[in-house]
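Asks: Let me give you the structure first, and then I'll get to my questions.
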Amino acid sequence: MRVLAAMSGGVDSAVAAARAVEAGHDVTGIHLALSRNPKSYRSGARGCCTIEDSNDARRAADVIGIPFYVWDMSEEFHEGVVEDFLSEYAAGRTPNPCLRCNEKIKFAAVLERGLALGFDAVVTGHYATLRTGADGLVELHRAVDAAKDQSYVLGVLTQEQLAHSLFPLGDTPKPEIRAEAARRGLLVADKPDSHDICFIADGDTGGWLTEKLGASAPAAGAIVDADGEVLGSHEGTHHFTIGQRKGLRLGVPAADGKPRFVLDISPVTGTVTVGSREDLRIDGLSCIKPRWCGAVPTTLDGPEVTVQLRAHGAEHRASVRVAGESVEIDLLDAASGIAPGQAAVIYDGSRVVGSATIASTRRTAVGEGA
Amino acid sequence: MTYLDHAATTPMRPEAIEGMAAQFGKAGNASSLHASGRAARRVVEESRERIAQALGARPTEVVFTSGGTEADNLALKGLWWSRGRRRVVSTAIEHHAVLDPLAWLEQHEGADVTLLPVDAGCRLDLAALDASLGDDVAFVSVMWANNETGVLQPLDEVVARASAYGVPVHSDAVQAVGAVLVDFAASGLDALTLTGHKLGGPYGVGALLVRRELELTPVLHGGGQERDLRSGTIDVPAIAGFAAAVELAVKEQADTHTRLSALRDELVAGVLAAVPDAVVHGDPARQLPGHANLGFPGCEGDSLLMLLDAQGIECSTGSACNAGVPQPSHVLLAMGCGPEEARGSLRFSLGHTSSAADVQAVVAAIGPAVQRARAAGVRR
């Protein structure tokens with residue numbers, strides 16, 4: 001096959017590209033320029049949009065011996081990922097931009113352009129595995145390295161997208177990938193993993209949002225408890241996410257002396273509600289905008305059905321009911337600190353069934369005295 | 001391999017490689033007073049004389065530099081500081097080796113820079129030049145021929161107009177030497193930039209031809225080499241190779257012009273036959289023999305470049321890169337193209353290794369490549 005290797009400048013995508021060459025594919029490396037104003041150098045281990053990263057990707061392509069180009073996807077990234085991130089936060093939700101990027105950029109804009117230019121697939125360094133199921137459909141499964149598994153951020157991919165994807169790293173633990181990179185002479189072998197959100201270079205999400213949202217940033221408001229009593233004030237609801245404990249700056253300690261967490265965010269009234277760890281526990285999710293990896297399910301309640309609610313988060317046993325664009329999830333294992341906007345990725349065993357965006361959470365059996 | 005990017009750099013001529021190789025391994029700093037130093041100095045001065053002879057300059061007017069960018073910086077900053085006048089006149093289509101020093105002078109030295117517009121055919125607007133000239137102008141800088149379109153600029157008119165105000169004129173002629181007749185004395189220019197690697201010589205060496213009477217403030221200070229205008233130990237092998245290449249390129253210039261322009265016309269005709277709605281950017285009647293800048297509506301230039309590259313055909317999108325990301329060419333934008341049209345162009349530039357087989361390869365590949373690139377679409 002003729003495949004496009006999306007190369008971030010990191011170790012994983014470099015090894016993925018090398019493995020694709022070894023598997024006999026005709027590989028072309030591309031680095032996606034996603035920032036409108038790329039910075040020259042990384043600060044620390046963060047970020048993946050610098051000229052230095054682009055140069056690292058180019059050097060890896062040289063060593064592997066494949067052609068290499070930079071594709072400007074900055075406009076698509078801004079519209080599809082950054083603007084979505086801004087509007088979600090402004091609305092009091094907590095989005096995951098990595099899923100949006102996979103859904104709209106890497107396996108959409110890039111794949112479409114690649115297919116038109118005569119390529120057959122996109123290969124990335126994501127830790128996940130693909131198998132062909134009994135029905136002939138391509139199945140997405142968790143990686144063997146549970147600590148590195150990235151099937152969660154790929155849960156937005158449709159059958160069409162999966163059929164044009166290659167994930168050569170899913171069968172290997174990360175330390176072996178680093179060793180393999182060193183063996184292959186790839187200088188990025190000991191480059192630190194990227195973390196956090198690539199377009200927020202210093203990791204200060206609140207400060208970044210304040211700057212980008214400008215006049216449309218949510219206004220300052222009150223921090224209240226479940227009874228509505230005012231405990232403090234804040235500089236905008238976008239500084240908070242549900243389950244957050246740090247940075248509340250409440251002068252008055254709770255009556256029971258226990259730490260308090262953000263339970264609810266209302267950008268309209270500017271109110272942030274806080275409460276105890278117990279109050280964070282939920283056992284039900286109403287979700288919207290489902291994306292299915294294969295056939296559309298109706299009910300999923302087998303013993304192996306689980307949902308994962310954040311990247312590298314826990315698996316919760318669950319029962320799932322699908323009605324068109326609406327997905328209702330009952331959690332058999334309660335979850336904590338779950339925010340609207342996050343993605344619920346649904347698994348049957350190791351197989352990803354699909355994903356949906358959490359619209360609201362509920363607590364029924366858990367709660368009192370739990 | 002079909003190499004059609006000679007305007008970016010062209011392979012060294014064997015004569016230049018031999019000229020250089022003969023100097024490697026020899027001891028002797030050209031500034032030293034002993035026999036080895038004198039031998040090195042002799043090579044440098046003979047090279048200077050050969051270059052001067054080939055280009056209608058006097059030997060003292062040849063100032064060796066590390067290449068075109070340094071020669072441009074020396075001309076522009078040197079004239080700015082020696083002239084002590086506030087205004088600077090240049091064109092919107094200059095190479096970044098001119099545009100960026102001018103922007104630096106604007107930001108750090110308070111220069112008032114006017115970038116003159118060009119017409120749709122990439123020729124300087126002389127009426128705009130007339131309107132911008134005056135006694136307060138430090139210098140005028142206009143390229144001999146544009147690097148992206150190959151269009152020749154009306155330097156005779158520029159020199160005549162500027163000299164009426166006593167304003168010195170510099171020209172970046174890195175694309176022109178060896179492709180068209182370049183005679184420094186006859187041009188009336190005060191300073192002219194050329195570089196080795198565009199004409200079959202080595203990288204890392206070039207020259208600024210500086211009219212003897214012109215006052216220029218040096219940019220590099222040190223040992224006082226090159227008439228105090230450009231300090232730094234003289235690169236004897238590079239200069240020897242450079243001189244051999246200049247001499248050869250100028251000697252063959254007329255034949256080169258005839259041969260390359262015929263090949264180039266064939267390439268343009270063949271591409272237009274394969275892609276009837278392709279657009280020729282520039283002015284076919286007044287341009288360098290080896291340049292063809294072609295627009296392909298509905299295509300991204302970088303899609304086309306990648307598709308041709310995969311078939312061993314090497315050309316350029318004629319655009320600058322910002323962080324490795326192709327930007328629409330400032331030259332095509334100045335000619336009135338929209339950003340999408342500018343991004344959809346390719347520059348094929350022929351040189352001494354080009355053959356009819358190269359042209360045939362492009363003509364055979366361009367139709368299917370354009371079809372593919374159109375399917376991939378354009379960015380908004």
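The backbone N, Cα and C atoms fix where each Cβ goes, and this holds for glycine too.
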Asks: In TrEMBL, A:Ala6, A:Met7, A:Ser8, A:Gly9, A:Gly10, A:Val11, A:Asp12, A:Ser13, A:Gly125 are given as binding ATP, so which of A:Leu32, A:Leu34, A:Leu140 is in that site too?
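Replies: Only hit among A:Leu32, A:Leu34, A:Leu140 in TrEMBL's ATP site, alongside A:Ala6, A:Met7, A:Ser8, A:Gly9, A:Gly10, A:Val11, A:Asp12, A:Ser13, A:Gly125: A:Leu32.
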Asks: Taking Cα atoms as reference points, which of the recorded positions A:Ser8, A:Asp12, A:Leu32, A:His126, A:Cys198 is nearest to A:Gln342 (site 'Interaction with tRNA')?
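Replies: Ranked by Cα distance from A:Gln342 (site 'Interaction with tRNA'), first place goes to A:Cys198.
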Asks: When you measure from the Cβ of A:Asp12 (ATP binding site), how many other Cβ atoms are you left with inside 10 Å?
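Replies: A:Asp12 (ATP binding site): 25 neighbouring Cβ atoms within 10 Å.
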Asks: ATP site residues A:Ala6, A:Met7, A:Ser8, A:Gly9, A:Gly10, A:Val11, A:Asp12, A:Ser13, A:Leu32, A:Gly125: biggest Cα-Cα distance, Å?
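Replies: 16 Å is the greatest Cα spacing among the residues binding ATP.
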Asks: For A:Asp12 (ATP binding site), which of the three DSSP-derived states applies: helix, strand, or coil?
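Replies: It is helical.
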Asks: A:Ala6 (ATP binding site) to A:Cys198 (active site, cysteine persulfide intermediate): how many Å between their Cα atoms?
Replies: 16
Asks: At the Cα level, what's the spacing in Å between A:His126 (site 'Interaction with tRNA') and A:Asp12 (ATP binding site), rounded?
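Replies: Taking the Cα atoms only, A:His126 (site 'Interaction with tRNA') lies 7 Å from A:Asp12 (ATP binding site).
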Asks: How many helix, strand and coil residues does the domain 'tRNA-specific 2-thiouridylase MnmA-like central' (A:218-275) contain under DSSP?
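Replies: Residue counts in helix, strand and coil order: 3 helix, 20 strand, 35 coil.
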Asks: Which whole-number mean pLDDT does the model give the domain 'tRNA-specific 2-thiouridylase MnmA-like C-terminal' (A:284-358)?
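Replies: Mean per-residue confidence for the domain 'tRNA-specific 2-thiouridylase MnmA-like C-terminal' (A:284-358): 95 out of 100.
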Asks: So, in DSSP terms, is A:Cys198 (active site, cysteine persulfide intermediate) helix, strand, or coil?
Replies: coil
